[in-house]
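Asker: Quick one: this structure, given as structure tokens, is what I'll be asking you about.
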Amino acid sequence: MSETSQQNAVVQVDHVSMVFNIANEKVQSLKEYFIKIARRELMFKEFTAVDDASFTVNRGDVFGLVGTNGSGKSTMLKIIAGVLEPSKGTCTVNGTISPLIELGAGFDPELTARENIYLNGALLGHSKKFLDEHIKDIIDFAELHDFMEMPLKNYSSGMVARIAFAIATVTEPDLLIVDEVLSVGDFLFQQKCENRINDMIERGTTVLIVSHDTSQIERLCNRALWIEKSKLKMLGDAKEVCAAYREYER
Amino acid sequence: MSHSANLRKNNSGKQNHNSLYLLFNLVSKDFKLRYRRSILGVVWSMLNPLLMMIVMTLIFTNIFRFQFDMYPFAVYLILGQTLFAVFQDGATGAMSSIIEAAPLIKKVHVQKIIFPTEKVVFAVVNFCFSLIAVGAVLAFFGMAPSWKALFIPFLVILLIIFTLGVGYLVAALSVFFRDVMHLWGVLTTVWFYFTPIFWPYDALASNGLDWVYLLVQFNPMYHFVSCFRQMVTGIPLPSDLGVVTEFGLCALFAVVTFGVGLFVFKKLEKKFILYV
């Protein structure tokens, strides 16, 4: 690979495979474990979630991931987000990541929205100073001024999603990972989210989107990858990939 | 692996700083949740050890009639209790911390070690509040802390290191074997009885149970509790190795346990996500 393309790559996935061991029976007690070891019965069935995937996401790309359920999209995203470590191969990310994988993972239902913003912000690696400076932006974007001191358990799922999206996009990361989150909230908010993502794209943020909604991928992305049954099936222009995927679905 | 190596290179300095802020946030969350909707709130952190002390003093001086005449039994009791609580609460909290943080660990790239660490810090914060109760009991019996009490912070630091070590170990193991969680309840009870919290030291010597005496010496909490009592009251205890020797032993136990716990945790943490 040439020097320039190396520098342009935000995500470089190099022969990544992810193999899970599914124990034939889930062994979760010590006694069972030792009995099985003694009997040499500890057999693992292997399940390959991602099989030898290689691709590059360049700076400024809006990259879509499509594929039927259980074909390894989310596993791929988790590897890129650094949550999972691949069994084989390497995945290199140059720059900061803002993951929008299942919004509000770190939220505590008992805390108020404001408290959750600080907690979640800290989890995403922000400092107190940064959060103090941006709390107003976050609240403004979520449009939930009147509900800031209310425990999150009393929020509707749409309201939670608003806050989560607002926190996750408060920075301008080098890479934004979006996993099926745009399907929450009312249509106005969905539009607002798309606008914000578009703004970020214009300013050079690289975006990785997973969605079942191929029209959304077509609308937002320039490149796309189709993963089917753990294998890369097609990589290329978003419209072409989506067209082929729709063919397949039928 | 080269994955997040790049990530960390970019903002390693910032990352450390923000980990501290995250730790602070998690502790304050635990604190808020514990006392939310309770009228007395944080006062419970002081009231709890105090009430326990009163109950146990009544039982052991009136029903079991323990002979302890160096200083009020209540003082003896609350000192042992509060210090042991740091270890017990800290390690127990740490044990389930990874499993509790599962939704998070599965979705966001965070330093996993922060979760058990937070539980131990939380236990120490509670200890600081219970020290007010200790002070009140000392005042009630007209006792003043000795000058050795100035060294208590160092002892507490050693106790934190020790508790972190145990906490990391049980946190990592309980991810793979949930049995650890069930066993731990029994183990801490045994540990509690094997530590001179409510029984006086001469119970060991006068019974002539030499093997018990020897066994107890291998209990790190024995030395922590002994050290703490002597630092607060300044009064040497019967089966005394000398407060300096005790302190040295505490340091030894702390460093070794921390090393083992950290090693096991770091070795296993990459697989956590597959099991939580």
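Glycine is treated like the rest: Cβ placed from N, Cα and C.
Take a look at what TrEMBL says about it:
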TRANSMEM  B:39-61  transmembrane segment
DOMAIN    B:40-268  domain 'ABC transmembrane type-2'
TRANSMEM  B:73-99  transmembrane segment
TRANSMEM  B:120-144  transmembrane segment
TRANSMEM  B:150-171  transmembrane segment
TRANSMEM  B:183-201  transmembrane segment
TRANSMEM  B:241-265  transmembrane segment
Asker: Other than its close neighbours in sequence, what residues sit by the transmembrane segment (B:183-201), given a CB gap under 8 Å and a spacing of at least six beyond its ends?
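Answerer: Answer is 56, 60, 66-68, 76-77, 80-81, 84, 88, 91-92, 95, 170, 174, 215-216, 219, 221-222, 225-226, 237-239.
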Asker: Near the transmembrane segment (B:241-265), which same-chain residues lie under 8 Å Cβ to Cβ, leaving out any that are not at least 6 residues past its ends?
Answerer: 112-113, 116, 148, 151, 154-155, 158-159, 161-162, 164-169, 171-173, 220, 223-224, 226-227, 230-231
Asker: With a Cβ cut-off under 8 Å, give me the same-chain residues at least six positions beyond the ends of the transmembrane segment (B:73-99) that come close to it.
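Answerer: Here the qualifying positions are 49-50, 52-54, 56-57, 60-61, 66, 105, 112, 115-120, 122-124, 126-127, 130-131, 133-134, 137-138, 141, 143, 156, 159-160, 162-164, 166-168, 170-172, 174-175, 180-181, 184, 188, 191-192, 195-198, 200, 221, 224-225, 228-229, 232-233, 272, 276.
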